[in-house]
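Engineer: Let me begin by handing over the structure; questions about it come next.
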Amino acid sequence: MTDTPAANFLSDPFDDDKLREECGVYGVFGMDEAANFVALGLHALQHRGQEAAGIVSYTPDTGFNTVRRLGYVRDHFTKQSVMDILPGRMAIGHTRYSTAGSKGQTALRDVQPLYADFAMGGCAIAHNGNITNADALRSQLIDRGSIFQSASDTECIVHLMARSIQKNIPDRMKDALRIVEGAFSVIAMTRSKLIGVRDPMGVRPLVLGRRGEGWILSSETCALDIIGAEFVREIEPGEMVIITSSGLESLRPFEDRDPRFCVFEYVYFSRPDSVIGGLSVYEARRRIGVELAREAPVEADLVCPVPDSGTPAAIGFSQASGIPYAMGIIKNQYVGRTFIEPTEQIRDMGVRLKLNINRAVVAGKRVVLVDDSVVRGTTSRKIKDMMLDAGAKEVHFRIASPPTKWPCFYGVDTPEREKLLAARMSEDEIRTYLQVDSLRFISLDGLYRACGNPAGRNVAEPQFCDACFSGEYPIEPTDARARGCMKLPEDA
Ligand code: SF4
């Protein structure tokens, strides 16, 4: 294993006001230099986690080889000296954003893939999602003698596999994953198998691809495109696939549940060039803009996106409303993570470091600003101030998601409920707080329509997970309820 020392990161200050996906996973089977393809795939999934990345490869000669590093994929996995450590025709990788509790102190021991030696051979595991009963499982496992080496919830899967009496690794994984609750898209690799599993509700994405004789598992289709792989299909909710040199076997190890894919993947997390459930993410976002223009029309001169994730919805809003589209805000593509200490002065500059108002375009205009979400509201307020400073006559916000009122427990970093603006304020109060001329969020029904459900949200059996908007949690958040630190709708 090759390690780098822990470092202090200052997260992108703009992103403090966004929900953040915590992980992307990628696996390759049966391709020369598999780790190089995994590195490219992880690079395409970098938006799903920017704090750390890891790759494990396997060859019969060298066994399992691991490199886990803090920082961007490109910081490490472009170097020949690093890739030389990762030979073989099989590899899996993971890119990670740490949870709020460990932000700023990312520990290398938490970086995935995790690796464990079992009596029947080694196994590397990479997980996207969150185990909602991990605290309870961890304390039970520790009571029974397990020694944890990381703070990662994923390690519970490893210890549960170690305690299983099954004779092979896939069966041990089945045993372990039947005990854990929550959202998981897991990729695992043994000496001869690449395994992919999705939780019974399929909350987080996982897709299957092919390139020549090789197989690929990936969080998103955009990471198949980067290596020229063909999209085969999605791994279905509750499905386990086992890929060997003989081909692919599909199993159904869990009880059937109604799927509840994360609707926020369409709004923000996934890349717009990915396809989910047969619907392009870009097209879903554009349709959200169309729905918003119908639900919340406004008289204005320009429609401008808050870049980048507001862009397709702004295009849709412009198309449906007839109001001209313009780039009223320009994003500096080169501001990201820095290694400088976060002084107050620099924090205040956060939004300006990343976004600048295109004064020549907005001066004297009534501007509709389309953003993907309002989380804490701090960025929206600063953008509005910058717009007015640049001479905009009116500022109208249109938001491509319903008010974010509840925390996510399924693999997305969310501020505590009290810090979610919409948990404390009505839409009108938020408008007053932001001091904008008007503010409207898309309705849940409008969002569902845009995401391929023309009749809107099925109230009895919603087609997606939308808990952060509705407070209806499809999977019991066991640990959060036990901690009592985040009030849930029933407790409120
Ligand atoms: S709570 Fe929100 S962010 Fe979390 S999985 Fe559900 S829809 Fe996605």
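Each Cβ is built from the backbone N, Cα and C atoms, and glycine gets one as well.
TrEMBL entries are annotated by machine, without manual review.
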Engineer: If TrEMBL says ASP371, ASP372 bind Mg(2+), which of SER309, SER318, SER426, SER438 does it name for the same site?
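Structural biologist: Candidate in the recorded Mg(2+) site: SER309.
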Engineer: Starting from the [4Fe-4S] cluster binding annotation in TrEMBL that includes CYS262, CYS465, CYS468, which of CYS156, CYS222, CYS304, CYS408 is the extra site residue?
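Structural biologist: Only hit among CYS156, CYS222, CYS304, CYS408 in TrEMBL's [4Fe-4S] cluster site, alongside CYS262, CYS465, CYS468: CYS408.
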Engineer: Other than its own, how many Cβ atoms are within 10 Å of the Cβ belonging to ASP371 (Mg(2+) binding site)?
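Structural biologist: Its Cβ has 24 other Cβ atoms within 10 Å.
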Engineer: Looking at the binding-site residues SER309, CYS408, CYS468, which sits with the largest number of other Cβ atoms within 10 Å of its Cβ?
Structural biologist: CYS468
Engineer: Through the lens of DSSP with three states only, how would you label CYS23 (active site, nucleophile)?
Structural biologist: strand
Engineer: Please check the binding-site residues CYS262, SER309, CYS408, CYS468 against ligand 1 and give me the ones with CB under 6 A, sequence order.
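Structural biologist: Only CYS262, CYS408, CYS468 qualify.
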Engineer: According to DSSP, does CYS468 ([4Fe-4S] cluster binding site) fall in a helix, a strand, or coil?
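Structural biologist: Looking at the DSSP assignment, CYS468 ([4Fe-4S] cluster binding site) belongs to a helix.
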Engineer: I want to check the contact list for CYS262 ([4Fe-4S] cluster binding site): same chain, sequence separation of six or more, C-beta distance under 8 angstroms. What comes out?
Structural biologist: ALA183, VAL203, ARG204, PHE269, TYR410, VAL412, PHE464, CYS465
Engineer: Note the mean pLDDT of the domain 'Glutamine amidotransferase type-2' (23-246), expressed as a whole number.
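Structural biologist: Averaging the confidence scores along the domain 'Glutamine amidotransferase type-2' (23-246) gives 94.
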